[in-house]
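Contents: one structure, followed by commentary.
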């Protein structure tokens, strides 16, 4: 905590001083400087004293100490004000700015770098690549701008010779997405004697120069080169930068002399080098240096030669303009990389900004030039903004809100600002008027004009108005400023140089000089003077800062000799006075540290009070705010205005923030619970709706199926096939079982329709075929179902054979007492020795008989039907049948098709006798591919008896011994009939 710093370090906030006097202020400032405490608060303002040495107070651990903390929780630091600006921007979606002001050498540039470093460190915790790229470019831009815009002076080793204002754009997450840099008034002095870029450049090419670069310059040059590459400068662009720097150095070495009539160059080689570096023609370069092209009133173009002084003046103006254009181009090039493009607030949220202003401080030398005049005017303007925002507005707000307040006297420097910028009466207007006057107008004439118009102004003086002031010379100085204003206020560069650069074949150089494309005869509007351009840019800057919530860093230079031990009381007191720090302390002590409209305060802290959460029932927001304050016991630390609550000390605000931070997770959990419940109810309603839709859809699908079935089968009674050919529609999943039942019912109905037309005499055969179908369907291609079954084929054979067969069947019927003949047929037998014989097969309802046809159907073998355990047939079209018995005395026969119908298939008819018994039998189908043994047909010829023989081969299918209990063996024989 800041207030917990030991007393040996003095007061960490000037508001805590016992008495607000200059003596106590200076004593506390000096004590903290000597103790190494270079930062001190004035409320939210940070006072920074340049330590002139490195301090280990900017590392990662220190950054973490200040991340997300309130100003007064830690000792004063730049990081504290940077975090405050960042939190204000992120929490309230409000644009903020950090204004860094002070004298040259007070440490403003270093302060801005540390602030940028802190903002880069605390953003983008997810390490998104595009955000890291933006951060790197923003940080590296400082290095480049320092190299080309800062200089080493007698007072400061790294003095900013330009003003820089950088806007950093942030998305709704608080991550940087881009930025924009504005530069103000790059000082127009001889560049090669001033800017840091030249020592860095010479460190690279010291072998071609008389300068000897230090190791530090070499390291700095490498850092600048690395920064340029990170930003995105191409190799060609970097090469062009080198060439421009070289051109400026060569221009510095360029000398002129006169031969009596004309001015000539000393050393033509230098001109050739300049032409090569600028990619221009040597003759055109020489003409631009020695002549000026002028257009007469009649449109005639003439070349006017320079005298020696004019040539030197033009050379210097050209060198300064080259560097100024280069610097402006570098800034523009950086902006082209970091500017936010195609930003859509609807997609990315509100784009907020933190501005960082690092601008030159007050400069008072023995001889102060036009640049010092502009610099000090800028600081007066910023001081006036500080007075507006911090002092006057604060007091005006207290009066407006009806807060008891003791008025604080302070110096309002608006009168100084008006002295400089007032239209028609200010110094800038007088300078512009003098520049626009025709004829020879000197600084002396201009000074006389200012003495006449400003002589009565209390803050204007000159030697003529104050003869006793010997610090100024007659007819030369005013307000400590020296002559030369008029020349610097004009645009001193001849149009010839602009056209020369525009016609360069180096496109980078050409891009810097767009005004060079105008013809010499083209009439243009007179350009604004340097002072007016600067004034307009500063007014725009102040307007930009005024619309943001400001945070201030007030930098103080402790001495003129850059010592880390010396504290110059007089020098520091002077800075404290013109920065208005003492008045700032008085206002802060007498006022309130925080103020907020009631509605916004209530919106932020209403969850800390039971009477205001979630919504209050009081008549006004002010009453609700009073309830919050009273519940926390802060009555003595606040004041109630007409529209705002004023909080005196940050401690009160910090307590409220702590309680709010503790409640936020609870509220988040509560909101998550409510929202999850809402989501669950929404999901439940959606699921119910889905199930309702599904139920109706299923009902529709069922009905649609019924309708489709009804449509398709509406006329089946009148169809020839009773709807057998009608394709059934695909049923929904819920009706699959119903569909199967319906199909089964239709098949039964279809069968009944067919059967009812069959004569009763044919029903026995139908039943037989149905019984055979259950076993043979799908296994054999043809099993005789398409013809009439005769069953007793032997009785219907030739008359002689049928007579003998009928006689034997009667004998067997009388003997064995069977009821009917189930099947009879001529067969061919196959024994174990592969011998075939013609036999007859008779099957009754009690026995199976093997008969000898040639011996009047003598019974060779009788097998009880009860001992038959199975029948085996093949899946082919042959007529092989194996009858299996329990005694394993199987019968293997080949059914004869008959002479009248040689293509009859009688396997199904034979099978029927077994199925008709109503018993379960084993029906085995043996595939011919199961196991094949081929035996040469020559081994089975029977030439002696002349019997029929196997034509080509015999295939025997043998079953394993483990299956012999069910099927003894099966032989399939292809025989020639």
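For all residues, glycine too, the Cβ spot is worked out from N, Cα and C.
Remember, TrEMBL labels are computer predictions, not curated facts.
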Of 515-537, 538-560, 561-583, which span is tagged region 'Actin-binding' by TrEMBL?
538-560
Contacting positions for the region 'Actin-binding' (538-560) when only residues 6+ beyond its ends and CB under 8 Å are counted:
29, 33, 42, 44-50, 52, 78, 81, 84-85, 88, 94-108, 111, 115, 155, 163, 165, 182, 184, 353, 355, 357, 361, 377-378, 381-382, 384-386, 388-390, 421, 566-568, 571-572, 575-576, 579, 581
If you run through the region 'Actin-binding' (538-560) with DSSP, how many residues end up as helix, strand and coil?
9 helix, 8 strand, 6 coil
Measure from the Cβ of residue 109 (ATP binding site) and count the other Cβ atoms within 10 Å, all protein chains considered.
23
Looking at the binding-site residues 102, 103, 105, 108, which sits with the largest number of other Cβ atoms within 10 Å of its Cβ?
108
Cβ neighbour count (within 10 Å, all chains shown) around residue 106 (ATP binding site):
25
Highest Cβ count within 10 Å among the binding-site residues 104, 107: which residue is it?
107
